[in-house]
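Working notes, structure below.
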Amino acid sequence: MATCAEILRSEFPEIDGQVFDYVTGVLHSGSADFESVDDLVEAVGELLQEVSGDSKDDAGIRAVCQRMYNTLRLAEPQSQGNSQVLLDAPIQLSKITENYDCGTKLPGLLKREQSSTVNAKKLEKAEARLKAKQEKRSEKDTLKTSNPLVLEEASASQAGSRKESRLESSGKNKSYDVRIENFDVSFGDRVLLAGADVNLAWGRRYGLVGRNGLGKTTLLKMLATRSLRVPAHISLLHVEQEVAEDDTPALQSVLESDSVREDLLRRERELSAHIAAGRVEGSEAAELAEIYAKLEEIEADKAPARASVILAGLGFTPKMQQQPTREFSGGWRMRLALARALFARPDLLLLDEPTNMLDVRAILWLENYLQTWPSTILVVSHDRNFLNAIAADIIHLHSQRLDGYRGDFETFIKSKQERLLNQQREYEAQQQYRQHIQVFIDRFRYNANRASQVQSKLKMLEKLPELKPVDKESEVVMKFPDGFEKFSPPILQLDEVDFYYDPKHVIFSRLSVSADLESRICVVGENGAGKSTMLKLLLGDLAPVRGIRHAHRNLKIGYFSQHHVEQLDLNVSAVELLARKFPGRPEEEYRHQLGRYGISGELAMRPVASLSGGQKSRVAFAQMTMPCPNFYILDEPTNHLDMETIEALGRALNNFRGGVILVSHDERFIRLVCRELWVCEGGGVTRVEGGFDQYRALLQEQFRREGFL
C-alpha cells in the first residue's frame, strides 16, 4: 500500500516542498489524534484544496484524505518509522539552522525568494485548529476549573523517557510522583530554563523561590497545562484566576469543584427520578446501589460542612457563604478560587502567591490547614514565614536551572550558602591545579626529553571536569530620596472622624489617629475592616462625614496602591512611562531613577505589560518616589516582590528620614519595619502594645475558640 507521502505526491504533483513537509509532519505526529476522516479533513483539507487549485472539489479532497486515513490506521500496529519517537534530549531548531548554508528559511518568519502557492493565513489557521484539538484532549482528565489557562508566548521542550511512556500508555503507571527531566522553558525569545529537572515526591510540600522575572509563574502554568509531561492519571489544579461572576452561592460554587461528587449526585438524581416514575430497569437499581456506596465512601454527606469550614477559615461569614459570586469583589473571588482548590483536593496543587489575596488571619489559618495536606503541593511564595510554616522542601530557580533543598526556607538559606561556599572552594582549587599543570606544560613544551610528560599533562587537563565560577546573585538595593527639611508635628492626623458610604453600614466611628516623620506604623486587620479606607482618609482622597483631617502644609505624600498595576500604562516602556508623568527631563534621569529599583538595561525599554508582577511593582516604586515625598502611605507594597526585594524595601524604609504608614500581611516585613501596630476592627483602630507577637497570639486563641485548631 502507498504511504501518505506517496499519495500526496501522486495526487498533488505540483505541491510546494514546504507545504508537503508540513502536511506529512501533521499526519505522522498527529495520527493518534485522528479519530475519523473528518478530523483529518479538518486538519489539512483546506490546505490541500488550496494546493489543488481548481483540479479537485470537496469530494475529491475528502477522497484523498480517506485514503491517507486508511493508510495511517493500517500502519498503526507494525509501523516503526512513521510513529512518534521520543528524543533523548531537547532539540533547539535555531541551533540546527545555524549549520545550514542552503538559504532555507522558516515559513512565516522570513520572506521566500520564490512564490508560494499556499495561502499563509490558511496555513496558520490549520495549525491553530490542530493545536487547539490537541490541547483539548490533554485537558480532559484535569479537575474542573473556573477558567482555562491561556499561554500565548510560553513554550516548553522536554526529553522523553521510553520506559515511562510505555508505562503511561499501558495504564500500569500508578505512581503519583512527578518526575520531569531535561526540559527547557522559554517565554518568547527568552530562555527561562535549560536542561532543568524537577522531582515532586507524592505527599511532599514544595516551595518554589527565585528572583522576580525568572519564570516561576511560567513554570507553574506549564505544569498546569501539561505542556510539561505530567502523568495523565494525576489530577492537578492551578489557582490562578478568580471565580466567575454568576448567581451561584459561594458555598455551592465550592461544592461544585468536586467533579466526582457532582457527577455521582447528578446520576443519583436521574436514577431516583426513574424509580419514582416506575420506569426503573434491573441494571439501574444495581447502579443506584453502587452509587450510594461510592457516595458513602467519599463521605459526600459531610462535604457541605467541610466546604463551610474552608470558607470560614478564609474569612467568609455564614451570610457571605450564601451570597452569589457576582456580589464579591475580585479579591474575594480569588479567595473563592482558593477555597475550591482546597476542597477538591487534587493530587497536585499549584499555588501562585496565595497569600497576596489574604489578610494575616486567613494566612495563619491557611498555614495550619496546609500542614496536614494529604497530597503534593507546589507553591510560589515570597512570604518567608509562610514558607517556613508549610514547606518541607525548597526548589530554587536561578541561572536557568532548578536546585532542590530539603527543609524549610531558613534551612534552604543556610544550605545554599554552604553549597555556594563549597563550589567556590572547589573552583578555586581546580583553577590552582590547572595553573600548576599549565606552568609545567609551558615550561617544557619544546623540550624533547619531556615530550611524553607534556603529553601526559595535556591529557590530564582534558580529563578534568570543567567547573564554572559561582554565579552569585546581585544584592538588591533600594533607596528612598530624603533630601528635605524636617518640620515639627502635628504632621498628619484624623480627629474624631466618622465615615461611611451608606449610613446603615458605618466603617469608622470617632476615629482618632496621628503620625509624624518618625512614624513606622503597620496596619493589620481582616479584609473589609477598613484598612484601605483609612489610608484614603489620611491621603485626603476621601472626606470624613464628620471630624477633621489635618495635614502639615509642607507634607508631600507618596502613595503606593495595592492595585498599582491598574494605574500603569502597560503599552509603553518604563522610561516612557516616567517621561509622560514627569516631562522635560533627560532620558538618563529616568533610567537612573528606574535603576534604583532594579529596572535597568533592556528591562527599562520593554513594554510594561511584558514585565513580571514584581518588576511592575518596582516601576510603580520608581514613579512614586520621583517627586521626592517626605511621607509614604503604602497599601500592600510587598505583593509580587521577591524576598530579596522585600528585605531591601524594609531596609530602605528604615533608613528613610520621613514618616511611613503601611498596610501589609507579610509577617517578616511587618517585624522588619514596624514600630507601631494598628489593628482595624469594629469601626475603629486599636494600637497593640505587644506588637505582632501579641496580635498573632490573639488570632491563634480565636482559632482555638472557633474550633480551627
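Every residue gets a Cβ built from N, Cα and C, even glycine.
As recorded in Swiss-Prot:
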BINDING   GLY525, GLU526, ASN527, GLY528, ALA529, GLY530, LYS531, SER532  ATP 2 binding site
COMPBIAS  129-143  compositional bias 'Basic and acidic residues'
COMPBIAS  161-171  compositional bias 'Basic and acidic residues'
MOD_RES   ALA2  N-acetylalanine
MOD_RES   SER83  phosphoserine
MOD_RES   SER155  phosphoserine
MOD_RES   SER157  phosphoserine
MOD_RES   SER161  phosphoserine
MOD_RES   SER283  phosphoserine
REGION    129-171  region 'Disordered'
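Structure with Swiss-Prot features highlighted.
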| residue | record | Cβ contacts under 8 Å, 6 or more apart |
| --- | --- | --- |
| ALA2 | N-acetylalanine | SER10, ARG67, THR71 |
| SER283 | phosphoserine | none |
| GLY525 | ATP 2 binding site | ASP359, LYS531, VAL679, CYS680, GLU681 |
| GLU526 | ATP 2 binding site | GLY315, ASP359, ARG361, ALA362, CYS680, GLU681 |
| ASN527 | ATP 2 binding site | GLY315, GLY331, TRP332, LEU358, ASP359, ALA362 |
| GLY528 | ATP 2 binding site | none |
| ALA529 | ATP 2 binding site | CYS680, GLU681 |
| GLY530 | ATP 2 binding site | ILE507, PHE508, CYS680, GLY683 |
| SER532 | ATP 2 binding site | GLN562, ASP635, VAL663 |
For LYS531 (ATP 2 binding site), just give me the three-state DSSP call. helix
